[in-house]
Amino acid sequence: MRFLILFLALSLGGIDAAPPVQSRIVGGFNCEKNSQPWQVAVYRFTKYQCGGILLNANWVLTAAHCHNDKYQVWLGKNNFLEDEPSAQHRLVSKAIPHPDFNMSLLNEHTPQPEDDYSNDLMLLRLKKPADITDVVKPIDLPTEEPKLGSTCLASGWGSITPVKYEYPDELQCVNLKLLPNEDCAKAHIEKVTDDMLCAGDMDGGKDTCAGDSGGPLICDGVLQGITSWGPSPCGKPNVPGIYTRVLNFNTWIRETMAEND
C-alpha cells in the first residue's frame, strides 16, 4: 500500500526518501496551463511534498498524512522549473489535521486488515491571503454525492512512472472512473470505509502516485475527493486508488475554518 505523499522527499532535484504509502499520476497528460487554478503545491521547507486545494483566500485543503513541521505553499504554479509571475508564494500560519486521523499509521509497518486511513484531511491557514486571480481561484465544497461511473480528473506533480519514481516539472492530469467502494475493498487489505471514494482504471496504467497526495479529485466539475492512498506499484490492473470523500467532512471543514479565521 502507498500513500500519495513524499514524506520530506521530493525536491526539484530528486528524492531523499519514500513513505510507506504513496500516490502519483501515472498514465496522465500535461494539464492545460492554468486549467486547475485551485491546485496548490505544498512544501516542507523548500522541498515539494504534496498537493493541495484552495478553498478560499485563506485556506488550503490537503491530506492529513501530509502533516509536517514547516509548511509553505505555491498557488497558480504549472511548471516547477519556469519563472511564472502569476504564481503566488505563501507561508502557513496554522495546520489543522482532522483529529480522528490515526497518525500512528504513518510509521512504516506491514499493512494489516485493521488499518483504517479514514479522516485523511487537513486544513492549512495561509499567513497572508491569496490574491484571487484568473490563475489562482478557489473551488467550492461539494453539495451532493458523486455519481458512480463519473469521469473524475486528478491532478498533481507526483511520479509519472509506477515503480522507479520519476517526477514531472509540469502539472499532470489523469482521467479516472469513480467506482463502487466494493471494488477497492476487494483490492486492498486495509479498510475501505464510507468516508472514502474509490477511483481508477480497472485496466491499469492510470493512477495517482507518490507525490500526488492531498491533491483534488474533480468529478463532473465538482470537488469530491482528496488523493489519499493506493496500491504500490501505482496503476495496477483491478486495484483502484483511494480518495477522502470530501462531502462527508463539509461540516468539519466549515466549522474549523470559521473557528480559526
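Placed from the backbone N, Cα and C atoms, the Cβ positions cover glycine too.
The cysteine that Swiss-Prot pairs with Cys198 in a disulfide, picked from Cys184, Cys209, is Cys184. Here the candidates are Cys152, Cys173, Cys209, and Swiss-Prot names Cys173 as the disulfide partner of Cys31. Across the disulfide-bonded residues listed here (Cys66, Cys173, Cys198, Cys209), the residue whose Cβ sits among the most other Cβ atoms within 10 Å is Cys209. When the alpha carbons of Cys219 (disulfide bond) and Ser213 (active site, charge relay system) are compared, the span between them is 17 angstrom. When the neighbouring Cβ atoms lying within 10 Å are counted for each of the disulfide-bonded residues (Cys31, Cys50, Cys152, Cys219, Cys234), the highest count belongs to Cys50. Taking the Cβ of His65 (active site, charge relay system) as centre and 10 Å as the limit, one finds 28 other Cβ atoms among all the protein chains shown. Each of the recorded positions Asn102, Ser213 was scored by the number of other CB atoms within 10 A of its CB, and the lowest score belongs to Asn102.
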